[in-house]
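The Mg(2+) binding site annotation in TrEMBL covers D27, E211. The active site feature in TrEMBL is assigned to D27. Look at TrEMBL and you will find 28-32, R40, H44, 72-74, W76, R78, R192, 198-200 tagged as substrate binding site. Residues annotated as active site, proton acceptor in TrEMBL: N75.
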Amino acid sequence: MAIFSSSTKEIPQEIATVPRHIAVIMDGNGRWAKKRMMPRIFGHKRGVEALRETVRACDALGVGYLTVFAFSNENWRRPQDEVSFLMGLFLKVLSGEITRMHDNNIRLKIIGNREHFSPELIALIDAAEVKTAENTGLTLSIAADYGGRWDVMHATHCLLADHPELSTTFAEEDLTPYLAMAYAPEPDLFIRTGGEQRISNFLLWQLAYTELYFSDMLWPDFDRHALAAAIDWYHGRERRFGRISEQLQSSC
Ligand code: IPE
Ligand code: IPE
Ligand code: MG
C-alpha cells in the first residue's frame, strides 16, 4: 500500500494544481425536492445524476481520488421509509453502474461500517471492490454508514487487536494504516453543498489541513461548472501547513 505524507507530521512534498483528492458532502437533496413540491426521494434520485457527472468531471480533470459522503452513521435516525429508500437506491446504483465504472478504469471503495447493511448489499459491495481493485484511473470512495469518530475508534480497536503490546502507547503512524482512507492521500479540497457550514462527522482525521469550500447550491444542481468553480477557489488558497507566508515564497 502506498504511504502518503501526513499534513500534520510532514509538509506534503508538492501541492498539485489539480487537487489530488476531493472530498464531498453531497447535501441538499431533500430541499431540492421540497422546492419542487416533490417527495424527498426525488432529490436523492437526482443526486445520483449529479454524482455521475461529478465522477466524469473529476476523471477528465485528472483528480486521483474522489470521496463522497452518501450516508452517515447518524442518518439511521431519519424516517424509516427514507432510510429504506436510500438503502434500495444504493443497491440499485451499485449493481447498475459497476460494469460501466469498471470499463472506465474506476477503482471503487466503500468506506464505513458494513455491519448493518443487508447481506445482499454487503455481497455486492465486496464484489464491486474486488472487480475494480486493479483499476488505475480515478479512485471513487463512497462513505456509507460512515462517521469520522467511528473511523478513529474502529482503527484503534483494530490496531490493538493486531498489536496488544501497543496498548499502553502508540504513535500516529501506528494508527493511520488502520483508518478507512489509509489508501489515499489526505483531501486537498472539501466541498459541501446545501448551505450548511459543518463537517457532520465526515473525515474528521483526514480533513486536518484540507481547504474547506461551502456552497449554497443544492446537491442535485451540482455539475462540472460548479466543480470548476470550487477548484478555481482552491487555486486561490495559500496552503501553509503551519508556516508563514514568507516561508512559502522563499522556498519557490
Ligand atoms: C443529502 O441530502 C443526502 C443524504 C444525507 C443521504 P439531504 O437528504 O440531507 O437533503 P437536505 O439537507 O434535507 O436538503
Ligand atoms: C451529511 O448530511 C451526510 C451526508 C451527506 C450523507 P446531513 O444532511 O445528514 O447532515 P446534517 O445532519 O444536516 O448535519
Ligand atoms: Mg442534509
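Each residue, glycine too, has its Cβ placed from N, Cα and C.
What TrEMBL annotates, mapped onto the structure for a quick look.
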| residue | record | contacts (Cβ under 8 Å, 6+ apart) |
| --- | --- | --- |
| D27 | Mg(2+) binding site | R192, T193, G194, G195, E196, S200, L218, W219 |
| G28 | substrate binding site | G43, T193, G194, G195, M217, L218, W219, P220 |
| G30 | substrate binding site | R40, G43, H44 |
| W32 | substrate binding site | G43, R46, G47, L218, W219, P220, D221 |
| N73 | substrate binding site | G112, N113, D145, Y146, G147, R149, W150, N201 |
| N75 | active site, proton acceptor | V83, L86 |
| W76 | substrate binding site | V83, H116, D145 |
| I199 | substrate binding site | I25, G148, L207 |
| E211 | Mg(2+) binding site | D188, L189, F190, Y234, R237, R239 |
Just checking: which of the binding-site residues G28, N73, R192, I199 have a C-beta under 6 Å from ligand 1?
G28
Using a Cβ cut-off of under 6 Å to any atom of ligand 3, determine which of the binding-site residues D27, W32, H44, I199, E211 qualify.
D27
Suppose we screen the recorded positions D27, W32, N75, R192, E211 by Cβ distance to ligand 2 with a cut-off under 6 Å; which survive, in sequence order?
D27, N75
The number of other Cβ atoms within 10 Å of the Cβ of R192 (substrate binding site), counted over all protein chains shown, is 23
